[in-house]
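What TrEMBL annotates here:
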DOMAIN    A:10-192  domain 'Tr-type G'
BINDING   A:22, A:23, A:24, A:25, A:26, A:27, A:139, A:140, A:141, A:142  GTP binding site
């Protein structure tokens, strides 16, 4: 099936939607699809764009998706509108940047009652950096609490965009949807590009489809991409035969070609997402372009943790599941690992904490696995005294400090937007996490703070703390700024004098004691009493920096047990023995699985 | 193969009815206003017949009427059961016949009748010696009524025991000391002193889950347990089992059979039995039990030969409750499996080093320090037998 003949460049509009969670991005997208006839009302199911459960629940898009709409505007022309739904989290910052690079404009959707939210700002700025034309849309104007004028003012003051011609909508009732489409046509510029130049297409994103293989989202920057064409992926150097070309309306429509300026999909019988690199340049295998598109980056995991099946028998299942997930997500890595505490599992690398949580949640939910996840850590560079440089992904592999000349840790620059009221506590949090303040400015009632922070302090529940301190108002964006030397030590936790590998961590010497004390106190509450006293210690090398003691159990006896009670008490004993067998033993101490999980979830300092 | 064929048999008779259900009780007890006692009696007698046919010639060492509230039975019924049992099995010369009784005036009025029926030992559910706590425990009698019943019992029965529940809500060590001092002064030869336990499915469990019932923590509970051991020993009624105290020689022979893992026959709804390595269970609900008995003449729901390791596990659970511990010879004879094949040797040595158990070739027992830790010790000892 072939779509209508090719659209002139001047009639193409590529745009994304920027919105805070709950401000109506998905509803608006659905309305636009409906208005332009992409689907009948009957075919519409709620929030078409977010496919995965987890995305839907968290209101986070993980994979970029596009919808092509055909819209006949008031000027009588028919336009091809490509609506790009971009991933919405700092963990996927690079994917976001590629999605945005495929567009020329964006709709900034703001809730008429709630106004501009901090999180939106980071996305707006990204869009501005891509020279996008941004069209403000004030949504939910039908709400009793709507205050359009106030929100208009906020868009001007906080975001810094003119808002007198903001489009007023209610995606729920359908009010103003036609105005949005008109504004897209009138205000967002058409793409540029040479139709006759050699093919140059950007690989925006890709995902695995069980029927089609890997589906690749592309933006044609120059030239034409045809079905049956041999193409070359410039970063990987692989060539592939394009077997499908098309777009989503949101139904999958197959076509014969994608022309310059267009966004669409291709398939080429590719089996793994890992073979496709986001940001890669696709060109023709013969007489292709010499210059790849700028901006390609190799994505590297920055956060690592161990994942272990609670039931050792699930090890193979975990391996298979990780393999399946990796089919669709090349950005996470894993390798087998074994821990004395947790048995056999995998060391996994992620783009960030959300990415980690998503993978963990999918393993639990979609693959029905019970997992223990160890404390997230970052990649340290260990300079050995013999000049060797090692990368440390797992605190358990820390070399003998006697052979370590010095260590380096990754740093980030974090930009935090936060309402004034919470500024003090956020600054304290950043200071406590060894942050270096670089900048502090005010926009409207909000502060924009720039801090340099060691990444290992950020992976350690920083985001949760930030959210809880600011009651969810603070937003946070970061990028890595390289490695810096740090006074880092490996802290061991000893239970009954035996080190518990799953609980060891690399920490900065200045925070080791407080972190160690926190962990010991927590473990004291989490490990049940035993028949003997149990010392719990935090130690750096041979030096104990914190200590707690679990006193010996004093009473555990069934008060009544006569002839009729035996069967019941026996069942109880069996149950207890099974529970005991499931616990991990350290120096004769049974540590419940929950203790590992809870100990690592250090909420408070 | 059990070698208990000539050992005395214990007979347990379950009477499942109560006037009201106590909030802590998870026993098979039911509140019924009217009980067709004749039908019940003939059904119980019929069970006795069937059981006797399976254990011919075994001497009967004890009979125990438990419940529920067996003191709600008519003395004639009790007499009929005792009479039939003594007819079916040869009685040991010193046969112990115990009946559990509520210490209220109505039931105390029947004590004379029970004594005449052949009951020679009574176990009174006194539970507390003050009205507020009795009320909190859901008991129907007052403290004064309880003590009056105790007097009547002591007048009619040679052997009297009573129960108290401690580590109650808001009970302190000092309060318990005062109460136990009083209790020891009554001069009974036997006392059952239970720490209050929140059992699943009880009213207390529901309140406990809501945070509405707060019992003393492990440390005060341990202190009260220790104090109980010391005070009863000083009064000449040392603990011979986790919660049971007696003048030496005045132990409950019936209950010793359970703890020594001897054979016992259980009749009545929900009653369990162990005879020659076979476990028996009967219909639990009173009405179903009675219907099965009248319809089929049999209310057994389970008759299962226990594998040796299971018998061994049961014998461990029960035997370690006793101060005397387990005789390895008796153990092997009753379970068909040597004691030291039953336990994890490494754990036994560790527990021995920690001073919680004592073992020799002949004996295995918990030390006084180990006894309040029995359940934890069992988990250690039996871990590899899961």
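Every residue gets a Cβ built from N, Cα and C, even glycine.
TrEMBL does not curate its annotations; it predicts them automatically.
Values in this document were obtained by computation on a predicted structure and should not be read as measured data.
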Sparsest Cβ surroundings (other CB atoms within 10 Å) among the binding-site residues A:26, A:139: A:26
CB contacts for residue A:24 (GTP binding site) [other CB atoms within 10 A, all chains]: 24
Secondary structure at residue A:26 (GTP binding site), reduced by DSSP to three states: helix
DSSP three-state assignment for residue A:139 (GTP binding site): strand
Local confidence of the prediction over the domain 'Tr-type G' (A:10-192), expressed as mean pLDDT: 83
Count of other CB atoms lying within 10 Å of the CB belonging to residue A:141 (GTP binding site): 20
